[in-house]
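S.K.: Features from Swiss-Prot:
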| type | residues | note |
| --- | --- | --- |
| SIGNAL | 1-20 | signal peptide |
| REGION | 92-252 | region 'Interaction with SNAPIN' |
| CARBOHYD | N144 | N-linked glycosylation site |
| CARBOHYD | N159 | N-linked glycosylation site |
| REGION | 252-333 | region 'Interaction with KLC1' |
| REGION | 313-333 | region 'Interaction with SYNE3' |
Amino acid sequence: MKLGRATLALLLLVPCVVRAVEPISLGLALAGVLTGYISYPRLYCLFAECCGQKRSLSREALQKDLDNKLFGQHLAKRVILNAVSGFLSNPKPKKPLTLSLHGWTGTGKNFASKIIAENIYEGGLNSDYVHLFVATLHFPHASNITLYKDQLQMWIRGNVSACARSIFIFDEMDKMHAGLIDAIKPFLDYYDVVDEVSYQKAIFIFLSNAGAERITDVALDFWRSGKQREEIKLRDMEHALAVSVFNNKNSGFWHSSLIDRNLIDYFVPFLPLEYKHLKMCIRVEMQSRGYEEDEDIINKVAEEMTFFPKEEKVFSDKGCKTVFTKLDYYLDD
């Protein structure tokens, strides 16, 4: 809650006061308005962000955002749509929703978490109820892991106490110190209450490059077999992805109890992007900047990117991550 914004809204509700009104009368009137204002959450939420959904999550709106903004990720789109909409429609979930998004840089993991946040809170990632942790920024020193565990537990407990529908996003899980993330295990388990706080309506999203090699191997096998990437099913890689991440010493999930105790609801693979997907990213970026689509520029930017494997050159090295800066060069030309 932003007190200044709420107070300003209150003052707007109070009629202009003529000079004849005594200060005490004005104070009583304002107190009455305050009492009534606070008594009606719906009225309050017209002027300040509230915990929970300001509006009911629209499955159709979420699907539209995923279809229009996330390219080449049929598996991720399906899992996110069903998992998030299903979880939010359940009035009494047994545990928090936990999604672990895996794939190379630039494939859309951060963008997907942004879409989820924006469809739950109007403020999106800037909402008071959405919390982003970046491993290299917030947990840089291995020697402080005990301190980080205590701080992480306190932060999550405090924020869920204030808002049951809090969203926590952990970026760079592949760079997080092993064992640190296990500090939040009690909050993800099947407990109704932990230290007088219920975490069952919270959402935890983990982003990682770990397991990207396994995802690429499956995608490349399908390509070499002449199959469409859309034929890849979640069952083709989810279990192998979980095992790969669990056994990866460079992953924050290395031998993690979150995986061992099956507390991650979905391991979501983000496939490496092909040339056609880069063109989609460039086209949408041009539209968002107010430019007309220019196929010549779109092709030039896409051709600037590098691809792998070295022989076949099927997948983009950096996904869509750097196409935006490449686009700047051609738009200014």
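Counting starts with 1 at the first residue shown.
Just so it is clear, glycine is given a Cβ too, placed from its N, Cα and C backbone atoms.
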S.K.: Should anything in the same chain at least six residues away from the region 'Interaction with SYNE3' (313-333) have a Cβ under 8 Å from its Cβ atoms, list it; otherwise answer none.
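M.R.: Apart from its flanks, the region 'Interaction with SYNE3' (313-333) reaches 71, 104-108, 216, 219-220, 223, 272-275, 277-278, 281-282, 285-286, 289, 291, 297, 300-302, 304-307.
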S.K.: Taking each of the glycosylation sites N144, N159 in turn and counting other Cβ atoms within 10 Å of its Cβ, which one has the fewest?
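M.R.: Counting other Cβ atoms within 10 Å of each of the glycosylation sites N144, N159, the minimum falls on N144.
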S.K.: Calculate the per-residue pLDDT averaged over the region 'Interaction with KLC1' (252-333) and state the result as an integer.
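M.R.: Looking only at the region 'Interaction with KLC1' (252-333), pLDDT averages out to 94.
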S.K.: Using the alpha carbons only, what distance in Å do you get between N144 (N-linked glycosylation site) and N159 (N-linked glycosylation site) once rounded?
M.R.: 22
S.K.: Through the lens of DSSP with three states only, how would you label N144 (N-linked glycosylation site)?
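M.R.: Note: N144 (N-linked glycosylation site) is helical by DSSP.
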